[in-house]
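Over in Swiss-Prot, the protein carries these features:
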SIGNAL    1-56  signal peptide
CARBOHYD  Asn77  N-linked glycosylation site
CARBOHYD  Asn135  N-linked glycosylation site
CARBOHYD  Asn285  N-linked glycosylation site
CARBOHYD  Asn303  N-linked glycosylation site
CARBOHYD  Asn340  N-linked glycosylation site
CARBOHYD  Asn343  N-linked glycosylation site
CARBOHYD  Asn355  N-linked glycosylation site
REGION    441-474  region 'Disordered'
COMPBIAS  448-461  compositional bias 'Basic and acidic residues'
LIPID     Asn475  GPI-anchor amidated asparagine
Amino acid sequence: MPIWKTQTFFTSISVIQIVNKETKVSTKKEKDSMLNQLNTILRFLFLFLQLIKSSAAVEPNGGPNILDHNIMLVNTNATIPKKEQTDFEVISPTKQTQVDEDCKKGLYHIENAGNLIELQAKCWKVVGNIEISSNYSGSLIDLGLIREIEGDLIIKNNKHIFRIQGYNLESLGKLELDSLTSFVSLDFPALKEVETVDWRVLPILSSVVINGNIKKIKNIIISDTALTSIDYFNNVKKVDIFNINNNRFLENLFASLESVTKQLTVHSNAKELELDLSNLHTVENMTIKDVSEIKLAKLSSVNSSLEFIENQFSSLELPLLAKVQGTLGLIDNKNLKKLNFSNATDIQGGLMIANNTELAKIDFFPKLRQIGGAIYFEGSFDKIDLPELKLVKGSAYIKSSSEELNCEEFTSPKAGRSIIRGGKIECTSGMKSKMLNVDEEGNVLGKQETDNDNGKKEKGKNGAKSQGSSKKMENSAPKNIFIDAFKMSVYAVFTVLFSIIF
């Protein structure tokens, strides 16, 4: 056993002997004084152990580290019989209720391990923000006996910190970790309450211990980590912000969320990410990108916009979604073939469906009656079937490479009135292009039509002429090269002769 551990052991024995010694206590005042002295001794012993721990977190021989055990303090409310008492009572810091004035300063700037140890010695609860300096040179942040932080824990722009732990920490405001390039492990096993988790640019963070105790949190932002799972938030049902991005090893993401009141964003994680949001009912804004599979079976209401961009999934099922109060976008989903929006009746923003190369038909809105913004359809689809659509308040731009697409439904309105009320309709297919101008009542004000077949023929003639011109240029090219070479040779000869003569 190392010398310092031997000394610590005998120091502990001495303290215990003091408590176990038969003591005659005549008054409550003397009894409290004795217990306060014992608490002071144990506090200094704890500080001594923490100082050693900050410099040697594990034994050189790899054995168990006794410094990881909690130091138990003497209960100042305990009663000591005058003669019969032979044992003593110890309690954990969890029975403490009073907060020292030194623990209510509002801001604690930690420059080194000594600052942190001093704070722990005084405070089981900290009222204010704890900010770890970018100059903090230790590899370990240990919150020790601190149980509550009525404020934020902020650690940013540090290249030394390897591990952050707080075995007794139960609650805090915001946990902000940003640009910690050596940070690997976070261990808060007792954490139950946190207002915001904001983790960014933690490129080698791979281990987090929170144990799923958190049930209430406002914001979850996890960006640019090496995490393979974030299942420690699975008991959370409602958040304001849920933003998971650029976690390159995250292949599965299950969230038991039922409501997101501001923004839900998942993008740029592992290419094969499977996203399970099966319990989600309502969301304000949602953007999903770079996902291989998605489950949204219970989503019924989107209070703003809904976007699916550059995903790999082949099917998208939202059978309960009735209303989107903003824009609905389906963009650059190369494998998307099957969609189900069977209950959607109202999109109050625009409807954008573009560059989904496997999508042959736009026929998955059987009940859609109204679009509050514009229509933008582009791709290789050959059919548009929106049987219940009665009103589009914006313009319509439709372009397909398929020659089978018929634009008549949009460009030849029944009874002379179009369902498009936004001023302009433009529809292009492999057969023809049509453009209409309409007023707010849907009355056609002007029409223009272009036959793309004739355009192709004209392009063909121009192409032939261009081709002939290029042949002439190709035939004349060798002659031009020969002439240029002859001129250069003559110039070189005259240059040499001139230099010899003069």
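From the backbone N, Cα and C atoms, a Cβ is placed for every residue, glycine too.
Bear in mind that the values here come from a model prediction, so they are computed numbers and not experimental data.
Of all the glycosylation sites listed here (Asn135, Asn340, Asn355), Asn340 has the Cα closest to the Cα of Asn303 (N-linked glycosylation site). Geometry remark: Asn340 (N-linked glycosylation site) versus Asn135 (N-linked glycosylation site), CA distance 54 Å. Nearest Cα neighbour of Asn285 (N-linked glycosylation site) among the listed glycosylation sites (Asn135, Asn343, Asn355): Asn343. Here the C-alpha separation of Asn343 (N-linked glycosylation site) and Asn355 (N-linked glycosylation site) works out to 24 Å. Rounded to a whole number, the C-alpha distance linking Asn355 (N-linked glycosylation site) with Asn135 (N-linked glycosylation site) is 50 angstrom. Taking the Cβ of Asn135 (N-linked glycosylation site) as reference, residues of its chain lying under 8 Å away and at least six apart in sequence are, in sequence order, Glu111. Least crowded of the glycosylation sites (Asn285, Asn303, Asn340, Asn355), judged by neighbouring Cβ atoms within 10 Å of its own Cβ: Asn355.
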